[in-house]
């Protein structure tokens, strides 16, 4: 009579009348409320309903208390609409017996009662979640439309796509870090676009690793199913939603900004510096607009868990949220970007016709236009496909949900839909296409950086990292030279004992430095001594040659060479006292030269 299908809903609606029962405003109030909210069954399909006279007595006795507590009498319990009580042979009033329940063979009613939340899907009151219009209700964690093996395949597919997209976007960003000056405006938005989709792919990969831990809530009550997260109930789910929605929307905005910068460079012929001056406005719009939309969705409590991907998003079960916060921004971005892109291509084509006699510049412009066209196609085609998937889902979701209700109404014990329709279920390919188009737009960034210059930059980067440490290399050469010097001096001492070792070493050092020590030392005819002196003299001549070549070098090289020459000239005037000090001076000279 009151459209209550279980005792939980009956108890919830009856609690407003409990003050009347506690005050005992009428001796018949308890009987009347029990017959109205929890009627007694006499047979399988017959119940005892309250009668008109009983209702009148309760209303007259409890009217003052009802006004005190602000209780409104339900329209279904108006006394005029109830039947009169039957009088028994003993003279007592008996409630009427009516056949009001449905047969056991069918739970369908004679009218469409809408969706009633089954007991298995109920959530705690006050959380603000609703499912198919029923409050304090949530969808099941097991997907409503796909089978278990299809869900497992979809999870694996999303995980692989997220890894590929993450590698592509990170490669683009690392290429930018190698040569920051290479990507200036109007190409700079591609880098921020790649950063946004690197976060998107990373979040989908995290969802693949977590499974359903963040997107679903396990029921603590026996007999109830695990349900998806609705609203800001789970911190992990809210965090995944914030990052995913923010960076996916920011990626679309950065693509629109990219088309704006291309149009400014091709149409009004803005220079890179002029476009770069507007970078502050670009960043304000690109990060501010997604941030405002994300905060709005959190305030409206529109966070929804996705049992397929393991992340949290918006519009998975709420059609108005899908329409205004996903489909509308996507359609605006596609229209704006496509219009600006076409206008820029028309301007570039006009420039190409003007410089048709300049074959070199015309060839460069032609390649640039081809790159813009291919890159835009790689982005626009997935974006248009994704928009088509959302529009198709929005148009067909009502019939999908009706089919699910009719298939599960017997299992959940809820009224089936009165209007029977043909079964309508979505295909697995629709979900796979939607997730693929969400991630594949990030892979398109690789096309823009795929060139010979990128290969050259990465090759030079790896070659720089493989070079040996110059300091350790200089120390090794210095150690070998000093060992050879000391070994040669010991041989000279044994072969020329009538000469002082000090004067011999001073002569060698003085010849290598181009100074005179003031010691008269005869020339030693030893072959090894001559070769050593020749080697040191060759080193001195090579230093003089490098000094003459210094005038032809760059300013930075001349500065470095002047420092080396000044240090060598100062060391050339250092006094040498004995053999040990001479060897140490040689070591210091070589160390200083190799450090520079």
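Glycine residues also receive a Cβ, built from the backbone N, Cα and C atoms like all the rest.
Remember, TrEMBL labels are computer predictions, not curated facts.
Your range for transmembrane segment, going by TrEMBL and the list 69-96, 97-124, 125-152, 321-348, is 321-348. Record note: among 3-25, 26-48, 279-301, 279-301 is the stretch given as transmembrane segment by TrEMBL. Among residues of the same chain six or more beyond the transmembrane segment (428-449), those with a C-beta under 8 A of the stretch's C-beta atoms are 146, 150, 153-154, 157-158, 161-162, 164-165, 168-169, 171-172, 175-176, 187, 190, 193-194, 197-198, 200-201, 204, 248, 251, 308-309, 371, 374-375, 378-379, 382-383, 385-386, 389-390, 392-393. Long-range Cβ contacts of the transmembrane segment (279-301) within its own chain (Cβ-Cβ under 8 Å, at least 6 residues beyond either end) map to 128, 185, 188-189, 192, 231-232, 238, 241-242, 245-247, 249-250, 253-254, 257, 261, 314, 321, 325, 329. With helix defined as DSSP H, G or I and strand as E or B, the domain 'FZ' (1-85) counts 50 helix, 4 strand, 31 coil. Long-range Cβ contacts of the transmembrane segment (239-267) within its own chain (Cβ-Cβ under 8 Å, at least 6 residues beyond either end) map to 185-190, 192-193, 196-197, 199-200, 203-204, 206-207, 214, 274-275, 282, 285-287, 289-291, 293-294, 297-298, 303, 311-314, 329-330, 333, 336-337, 340-341, 343-345, 347-348, 351, 372, 376, 379, 383, 438, 441-442. Long-range contacts of the transmembrane segment (157-178) within the same chain, counting only residues at least 6 positions beyond its ends with a Cβ under 8 Å from a Cβ of the stretch, are 190-191, 194-195, 197-198, 200-202, 204-205, 207-209, 308-309, 432, 435-436, 439-440, 442-443, 445-446, 448-449, 454, 457-458, 461. Long-range contacts of the transmembrane segment (190-210) within the same chain: residues 155, 158-159, 161-163, 165-166, 169-170, 172-173, 176, 183, 236, 240, 243-244, 247-248, 250-251, 254-255, 258, 286, 306, 309-311, 435, 438-439, 441-442, 445, 448, each at least 6 residues beyond the stretch ends and with a Cβ under 8 Å from a Cβ of the stretch. Here the transmembrane segment (321-348) has Cβ contacts under 8 Å with residues 249, 252-253, 255-256, 258-260, 262-263, 265-267, 293, 296-297, 300, 302, 314-315, 365, 368-369, 372-373, 376, 380, 383-384, 386-387, 390-391, 393-394 of the same chain, all six or more residues outside its ends.
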